[in-house]
Amino acid sequence: MEPLSSTKQINNNNNLAKPSSLHVETQPLEPSPLRKIMVVASIAAGVQFGWALQLSLLTPYVQLLGIHHTWAAYIWLCGPISGMLVQPIVGYHSDRCTSRFGRRRPFIAAGSIAVAIAVFLIGYAADLGHSFGDSLDQKVRPRAIGIFVVGFWILDVANNMLQGPCRALLGDLCAGNQRKTRNANAFFSFFMAVGNVLGYAAGAYSKLYHVFPFTKTKACNVYCANLKSCFFLSIALLTVLATSALIYVKETALTPEKTVVTTEDGGSSGGMPCFGQLSGAFKELKRPMWILLLVTCLNWIAWFPFLLFDTDWMGKEVYGGTVGEGHAYDMGVREGALGLMLNSVVLGATSLGVDILARGVGGVKRLWGIVNFLLAICLGLTVLVTKLAQHSRQYAPGTGALGDPLPPSEGIKAGALTLFSVLGVPLAITYSIPFALASIFSSTSGAGQGLSLGVLNLAIVIPQMFVSVLSGPWDALFGGGNLPAFVVGAVAALASGILSIILLPSPPPDMAKSVSATGGGFH
């Protein structure tokens, strides 16, 4: 059936329903083989490898460049800001890209190249800053900081250019088949876990720079050299995975005459800006998508306090350390890094069983609700672990409470690491089911995968900005520490679980053979 996308067709067929303002041509109706889906999903391992390196190695590197703690907080805001702006723009244009190479692949290629450029700027910021005039005797290196900030922002933009089209391409390859859509997003989550494990392992090996001896220079110490060496591996992994996907998985080119967007009154609005379409998307959202956005928003309000401060919680609350004083805090942070490794292992294992778990509990929405309850319980248990650690705190003989505290008991450490591990289960669901539901809802309504996932991304980045800005003052109201934000997260997780089970509709039956190219967009 020919798409109803032109004004002429509407004028000649007044008895037909008018398409939505977000209508785009639908990709092939038959799902692709699972091996192609897995190849595309594997790109997530390359992307996440770089993110894990940032989390494990960026702190000492930032201190080397002399970035003040206050400014560092603003630098980290570039992630949600770029996600809020870039993903909808990229999603919109990838839905309508008429390149002969396909709709998504050009953006994946461009994003991969941009990641390589960004990683080079970050890794060589100290060297380039020194070349441009930074003195090694100064604590603050302004030129190196400027290069680092530019590279960091480019990296966030590039990652959003990569992940949005990757998930959209997975939705295209699944062609509305619910089971393959769930499996595709589960594989994406699994490969994210693989990237995390590889990244944390590489970051933990402090002598990796010996493999690349040229990385250590006058301006770049051991930490810096190790970061550069790890980033070389990151570029190599992402290049291999992205190139394999771009060569192996082909797309059907979208013809220009089929990308015209039609307004409700029959007029053409092919030149309508992307954010106009995004505004139109919100106006025409169906009830299932609104509920999905609400549940996702609450879910990420629950997650972000822990994701931002998990290792800090281990260093301060569990180990009783103080930043920059003694060894307790650093020991706690390293123990937290081990917890993140365990979390990633559980995340990967759970991702492979999402479909089985969903069938076992009676559907994906019920599974999402159950794991949100589990998330709420785990966040609440951080209070118990903290109180037990404080109650049993011991200090070296003769130092008293003013000295460096001794490590907590093995039982308390085991309890904290168990929380990290168990949280890998709800995190696997968070990384897969919301995106699968967005793909299913957009496929059944005929809306573009790219813009639909861009809309969903707003429900993720806005809570991230909210938590990043307000969690510090909120914790300060209760005397500092991370527990107040964790408690708010537990309440948000509980609300998210209730809404998921009660209000979130079950996905419609598989539409792989019934979704036609004439389907409307969001209504």
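Each Cβ is built from the backbone N, Cα and C atoms, and glycine gets one as well.
The compositional bias 'Polar residues' annotation in TrEMBL covers 1-18.
For 1-24, the entry in TrEMBL reads region 'Disordered'.
Among the features that TrEMBL reports, transmembrane segment is placed at 37-59 (among others).
TrEMBL lists 71-94 (among others) with the feature transmembrane segment.
What TrEMBL records for 106-124 (among others) is transmembrane segment.
Below 8 angstroms of C-beta separation, residues 43, 47, 50-51, 62, 65-67, 75, 78-79, 82-83, 86-87, 90, 107-108, 110-112, 114-115, 117-122, 124-126, 128-130, 134, 219, 242 of the same chain, each at least six residues beyond the ends of the transmembrane segment (144-162), sit close to that stretch. The transmembrane segment annotation in TrEMBL covers 144-162 (among others).
TrEMBL lists 183-205 (among others) with the feature transmembrane segment. Within the same chain, residues 34, 37-38, 40-53, 55-57, 166-167, 170-171, 173-174, 226, 230, 233-234, 237, 337, 340-341, 344-345, 347-348, 351-352, 354-355, 424, 428, 431-433, 435-436, 439 sit at least 6 positions outside the transmembrane segment (183-205) and bring their C-beta atoms closer than 8 Å to a C-beta of that stretch.
TrEMBL lists 225-249 (among others) with the feature transmembrane segment.
Beyond its flanks by at least six residues, the transmembrane segment (289-309) meets 368, 372, 375-376, 379, 382, 423, 427, 430, 434, 437-438, 441, 452, 455-456, 458-460, 462-464, 466-468, 471, 482, 485-486, 488-490, 492-493, 495-496, 499-500, 503-505, 522 of its own chain at Cβ-Cβ distances under 8 Å. Per TrEMBL, the feature transmembrane segment maps to 289-309 (among others).
Listed as Cβ neighbours of the transmembrane segment (337-358) (distance under 8 Å, sequence separation of 6 or more from its ends, same chain) are residues 52, 55-56, 179, 182-183, 185-187, 189-190, 192-194, 196-197, 200-201, 204, 310-311, 314, 364, 366-367, 416-417, 419-425, 427-429, 431-433. Annotation comment: TrEMBL describes 337-358 (among others) as transmembrane segment.
Look at TrEMBL and you will find 370-389 (among others) tagged as transmembrane segment. Long-range contacts of the transmembrane segment (370-389) within the same chain: residues 299, 302-303, 305-306, 313, 317-320, 361, 408, 412, 415-416, 419, 422-423, 425-426, 429-430, 482-483, 486-487, 489-491, 493-494, 496-497, 500, each at least 6 residues beyond the stretch ends and with a Cβ under 8 Å from a Cβ of the stretch.
Sequence annotations record features per position, and here TrEMBL assigns transmembrane segment to 414-438 (among others).
What TrEMBL lists as transmembrane segment is 450-471 (among others). Remote same-chain residues near the transmembrane segment (450-471) are listed as 22, 73, 76-77, 79-81, 83-84, 87-95, 103-104, 164-165, 167-168, 171, 277-278, 281-282, 285, 289, 292-294, 296-297, 300-301, 304-305, 308-309, 434-435, 438-439, 441-442, 485, 522 (criterion: CB distance under 8 Å, separation of at least six residues from the stretch ends).
Residues or ranges marked as transmembrane segment in TrEMBL: 483-504 (among others).
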Of 37-59, 106-124, 414-438, 483-504, whichever stretch has the most CB pairs under 8 A to the transmembrane segment (225-249): 37-59
Residue numbers, six or more beyond the limits of the transmembrane segment (414-438), whose CB comes under 8 Å of its CB atoms: 167, 178, 181-182, 184-186, 188-189, 192-193, 288-289, 292, 295-296, 299-300, 303, 306, 310, 314, 318, 335-336, 338-340, 342-351, 354, 358, 364, 367-368, 371-372, 374-375, 378, 381-382, 385, 388, 452-453, 455-456, 504, 507
Chain residues in Cβ proximity to the transmembrane segment (483-504) (below 8 Å; excluding those fewer than six residues from its ends, i.e. six or more beyond): 288, 291-292, 294-295, 298-299, 301-306, 309, 313, 317, 365-366, 368-373, 375-377, 379-380, 382-383, 386, 437, 467, 471, 474-475, 477
